[in-house]
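*Asks:* Below are the features listed in TrEMBL for this protein:
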- 85-121: domain 'Zinc finger Sec23/Sec24-type' (DOMAIN)
- 158-397: domain 'Sec23/Sec24 trunk' (DOMAIN)
- 402-486: domain 'Sec23/Sec24 beta-sandwich' (DOMAIN)
- 497-597: domain 'Sec23/Sec24 helical' (DOMAIN)
- 623-696: domain 'Gelsolin-like' (DOMAIN)
Amino acid sequence: PLLALRVVNLLQERNLLPLGPVTPPTPCLPQDLQKINCHPEVFRSTLTSIPQTQSLLNKAKLPLGLLLHPFKDLSQLPVVTSSTIVRCRSCRTYINPFVTFLDQRRWKCNLCYRVNDVPEEFMYNPVSRSYGEPHKRPEVQNATLEFIAPSEYMLRPPQPAVYLIVLDVSHNAVETGYLDVVCQSLLENINALPGDSRTKIGFITFDSTIHFYNLQEGLSQPQMLIVSDIEDIFLPTPDSLLVNLNECKELVQDLLRSLPQMFGKTMETQCALGPALQAAFKLLSATGGRVSVFQTQLPSLGVGALKSREDPNQRASAKDIQHLSPATDFYKKLALDCSGQQVAVDLFLLSSQYCDLASLGCISRYSAGSVYYYPSYHQQHNPAGVECFQKDLKRYLTRKIGFEAVMRIRCSKGLSIHTFHGNFFVRSTDLLSLPNVNPDAGFAVQMSIEENLVDMQSVSFQAALLYTSSKGERRIRVHTMCLPVVNSLSDIFAGADVQAITCLLASMAVDRSVTASLSDARDAMTNASIDSLTSFRTSVLTIQQPGLLAPACLRLFPLYILALLKQKAFRTGTSTRLDDRVFAMCQLKYQPLAYVMLMIHPALYRVDDLTDEGALNVSERTIPQPRVQQLSVEKLSRDGAFLMDAGSVIYLWIGRNCNPNFLTQVLGLPNYAAVPLNMNMLPELDTAESQRTRVFVGWLREQRPFFPILHVIRDESPLKASFLQNMIEDRTESALSYYEFLLHIQQQVSK
């Protein structure tokens, strides 16, 4: 904690970035508890020391909340099969490492403090095969574990995996060439879709009418059934539109091979997305499942039809951005109907013009689906976008999935949760309805302190996710985190987790932009940094000194806030397409912390001089670890090459006088003039330099579940402006430099 509170004068110390990743603070807990605490990648708090009272929290001016990544792919996950799942009789908390055993037969709940009996079965330890040591059971040794649930955890028999593919086949859609990619990807991955012998699949295509496909076993080829009355959608043959994948695989494969050609000559320009979604809901409501919708334009016919709301002239100048909220409640209402029937909708938006994502996105947001967005998608004109779509689709089709899920987050008596962030529907005060849950989804909650935590050394938080696996097993994944309670401001500051705070504030700001205005949200973020540093200066520092002073643990806070103000979601004065802005907002609310941080503050590395010094060794590979550079043009040197990892995109900037060795050995080019204007691949050359660079880029890509495109940038490249916009520390026509921003904050703090 002493290091965390070291006073840093931000106006003088300019090299604040750590050499590598920013690590979360470790809670000040007894060693034995800390050793088994939940991993911060799965569960973390904005404050690792919880204030004793709400008034103390208010004084610190820091937000209190939790960030979680509950269904994350884990390399090690203890799984427990037991006929009795031990829970507190009063508050239903699952037994966990932070309960207290009063003796062998009684345990005290760490959330409500009730004393419970230890059931007879729990006295036996299946791991050590010994009796009488309940504290050694896996449930009490692991902060993250999974139970295979007995029948009382089922409202109905577990549903099968059900997949419905809904495809826009209007002229616009066919022209992009996306159908080939989707059908090809499904053909390649059809045996890798998560499921068992009960898995079902179905297809709907739509333009101005809705087309169903009869895939009944015994047919010689798939049969297309057209419903042209979009005002009154019905299912033409209800029993053969959703079929068992194993029994009808050949018909499904036939359909996938023929679909791209079927609409090749279409002149249909209209698009009835709303009726197609109603059809999907009707088809899946009996079972539940996943709908994957591929959409390429603004819906123009039937319910849910939309008009363009974007005024291109208004993109740059406006202080306040209009139309961030939906134009209709159709998509939200339908999503809530879907949620009630355990149906989630994932939206793939592949478009070059405005699609009103603010309205369409509601279908995924409230049904616990996800949104994928590929602006300017085109098979010929944008090959890099096609590669990105292919890679994302493979991950999407083959990753783990949970069906008919609910998640509840409990916390110790005295604490309460008041706002949730992510994609779901809040069913009762603390129950999130997740018709599907996927390993790439993040969530956040805001908390308040309702009752003083006076006699408590620590408090606990528990997230329990109940879901049906693709194999039809009901499972419960439980994560428990324990944090100390403190009663001094300096201890609260010492435990501040700057990245978690930034991500929670970003989610809060997205809500604020929609309910109030963008300028309100921007002010609120700036004020968050001013207020917390004012509190630190007036209430924690004993000796007043000049400058803008921050504790070391919050030294990056103003930089991250400035980065948010310049991020696509919140920036002003820079031409930003409305859908791009809304998608950035979706990402901030839904992506887990590790991926959001790169979208807020990209990582810049110099890569023309990569060495093996300090390299990581991961499964037989040596991965160079260049140091992270500040995001400023003055860090770019003409004779170097710099790689910028911005999360969903990676830029490789080549200096005009770049080391010729790098050009030949890594890019395979004779000189700078030969660097093409749009280059998206590093050639596989048989040189040490090429190997090192490709391994480094591959390692960065592996760390996230989506595929960032690589853009090689030179002076004349069309994307140079996007690269430079990520130079957060520099001044632009419409935004302050980092130094100017610090001066602005200092002025407010010193008032």
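Cβ from N, Cα, C; glycine included.
A quick note: this is a predicted structure, and the numbers were derived from the prediction, not measured.
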*Asks:* Residue list, the domain 'Zinc finger Sec23/Sec24-type' (85-121) vs rest of chain: Cβ under 8 Å, 6 or more residues beyond ends.
*Replies:* 33, 36, 132, 134-135, 139-143, 147, 149-150, 410-413, 458, 460, 462, 464, 476, 478, 480, 482
*Asks:* Can you tell me which recorded stretch out of 158-397, 402-486, 623-696 has the most Cβ pairs within less than 8 Å of the domain 'Sec23/Sec24 helical' (497-597)?
*Replies:* 158-397
*Asks:* The domain 'Gelsolin-like' (623-696): mean pLDDT?
*Replies:* 96
*Asks:* Give me the DSSP three-state residue breakdown of the domain 'Sec23/Sec24 helical' (497-597), ordered helix, strand, coil.
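*Replies:* For that range the per-state counts are 71 helix, 3 strand, 27 coil.
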